[in-house]
Amino acid sequence: PAVLLCNSSSSLPTHVPSHEYPPLRCHGREPHLPTHGKAMLPAGGGRAETRLSRRRLAVLAVFSCYSLVNAFQWIQYSILSNVFVSFYRASFAHVDWLSMVYMVAYVPLILPATWLLDARGLRLTALLGAGLNALGAWLKCASVAPGRYAVTMAAQGVCAVAQVFILGLPSRVAAVWFGPAEVSTACAVAVLGNQLGTAIGFLLPPVLVPNTPDDIDLMAHNISIMFYGTAIVSTLLFLLTGVVFEEKPKYPPSHSQAVLQTVPPEDYSYKQSIINLFKNIPFVLLLISYGIMTGAFYSVSTLLNQMIITHYEGEEVNAGRIGLTLVVAGMVGSIICGLWLDYTKTYKQTTLIVYILSFIGMVVFTFTLDLGYLIVVFVTGGVLGFFMTGYLPLGFEFAVEITYPESEGTSSGLLNASAQIFGIIFTLVQGKLITNYSPRAGNLFLCAWIFVGIILTALIKSDLRRHNVNSGIMNVDVKAVSAESFPLIVLLYWNAWLLLAW
């Protein structure tokens with residue numbers, strides 16, 4: 001028996017054994033998703049076996065761990081700003097730049113980094129990220145002395161360059177190593193590592209380095225423990241990266257990857273890929289809306305301490321705990337969003353709903369911040385982090401879907417660059433509004449921009465190109481879940497909101 005594919009411009013073979021490739025429904029109805037059988041290649045009528053590699057879990061674990069350490073190194077200065085001001089005899093502005101250098105370095109370096117990822121591959125990029133991360137950590141060990149601010153800034157600059165080779169990899173690692181039923185969850189776990197590093201960065205440094213302004217020698221000893229510990233862990237992860245990471249598994253994990261592997265390397269042009277992405281109107285809309293949402297999250301995270309102290313004087317410790325709550329809630333949101341995407345494939349609908357709920361969360365946070373009840377700020381901050389950070393893997397995966405077969409690293413890198421640019425602008429403007437007026441004025445500024453992001457997201461045309469290839473169809477409107485399931489999406493996030501509040 002043979003399967004007759006839908007009327008479309010597909011160049012896929014039309015006669016496939018039915019036990020290897022289940023019948024498809026067309027005209028917008030839900031197809032039967034094929035599992036891991038034979039990938040139908042568009043050229044020559046050949047077949048490639050798809051199979052999941054056991055190594056994929058080790059690759060994901062190692063990547064998540066060295067991404068964690070990189071995020072930890074980013075936040076370890078700002079959470080101890082008063083300590084490092086005393087130790088390095090520097091100003092608070094100088095210490096702030098130890099964190100800002102991550103954002104500043106990313107924007108000019110992202111295009112060379114994504115070119116390297118596309119031209120030289122995943123393994124080399126991963127080794128560069130892990131290696132530079134370890135190198136920066138060891139350089140910090142040489143800066144453990146008063147007056148060596150320049151050394152620690154140079155070391156942090158190396159870590160910032162390492163970040164350029166890390167932030168764009170989650171979607172590439174997920175696509176190259178994981179199958180269609182788990183790719184979004186894998187991307188969420190990869191993003192989770194970075195978030196967990198930030199959370200640990202809120203918790204661990206104040207414990208390791210208590211403020212001892214009257215004993216600089218003890219302060220230096222404590223800082224050296226933190227720096228040397230980070231360097232040893234970073235080096236171990238670099239060695240594990242060399243052992244675990246391979247360019248790609250022996251067999252492609254999905255039909256979409258099998259198709260991409262048939263394209264000769266000489267046919268790929270990085271410049272043309274960039275041009276194609278900017279000609280892709282849905283991607284441009286996502287690029288702006290992703291930058292708005294993530295930039296707003298960066299701004300809130302950076303200025304959270306200032307907002308809390310304005311209304312709750314002397315609550316510096318609780319301000320840090322609220323920041324931790326925001327990050328941890330976001331980790332939960334990322335995993336739930338990844339699982340939901342793998343289950344439903346409703347990329348645009350889920351992205352739009354999370355965007356709307358983030359806007360609602362931001363409005364509630366804005367108007368409850370000054371009520372005088374710190375517990376309310378914990379709850380609203382947790383809810384805000386849940387939806388804002390849960391949006392991160394949604395943006396990555398949605399971008400891969402609507403830009404396939406363009407490189408996942410390039411689309412993710414551009415999304416992160418947009419986030420860094422909006423983050424810098426929002427932080428500067430919101431900080432000025434908080435200083436001159438009030439935290440409410442700064443938060444309302446972000447609310448207005450997030451509302452603009454909702455409109456842009458609603459305008460995105462959902463063309464799930466990768467999903468269509470994995471489903472064995474081309475140029476057919478696929479609706480993985482019907483409109484009747486949308487209330488279920490809302491119910492899922494509403495229950496998660498209640499759980500976090502509890």
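Glycine is no exception: its Cβ is also placed from the backbone N, Cα and C atoms.
Source: prediction; values computed, not measured.
Annotated features in TrEMBL:
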type     : residues : note
TRANSMEM : 57-77    : transmembrane segment
DOMAIN   : 59-465   : domain 'Major facilitator superfamily (MFS) profile'
TRANSMEM : 97-117   : transmembrane segment
TRANSMEM : 124-145  : transmembrane segment
TRANSMEM : 151-171  : transmembrane segment
TRANSMEM : 183-205  : transmembrane segment
TRANSMEM : 225-245  : transmembrane segment
TRANSMEM : 320-340  : transmembrane segment
TRANSMEM : 352-369  : transmembrane segment
TRANSMEM : 375-394  : transmembrane segment
TRANSMEM : 414-435  : transmembrane segment
TRANSMEM : 441-460  : transmembrane segment
TRANSMEM : 481-500  : transmembrane segment
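For the transmembrane segment (97-117), same-chain residues at least 6 beyond its ends with a Cβ under 8 Å from one of its own Cβ atoms are 74-75, 77-78, 84, 124-125, 128, 152-153, 156-157, 159-161, 163-165, 167-169, 172, 270, 274, 298, 302, 407, 409-410, 413-414, 416-417, 420-421, 423-424. Across 57-77, 124-145, 183-205, 375-394, 441-460, stretch 375-394 shows the highest tally of CB pairs under 8 A with the transmembrane segment (320-340). Taking pairs at least six residues apart, the transmembrane segment (124-145) and the transmembrane segment (441-460) share fewer than three Cβ pairs below 8 Å and do not count as touching. With respect to Cβ pairs under 8 Å, the transmembrane segment (151-171) is most closely packed against 57-77, considering the stretches 57-77, 183-205, 352-369, 375-394, 441-460. Sequence-distant contacts of the transmembrane segment (183-205) (same chain, six or more residues past either end, CB-CB distance under 8 Å): 56, 60, 63-65, 67-76, 79-80, 166-167, 169-171, 173-175, 177, 226, 254, 320, 323-324, 327-328, 330-331, 334-335, 337-339, 341-342, 389, 392-393, 396-397.
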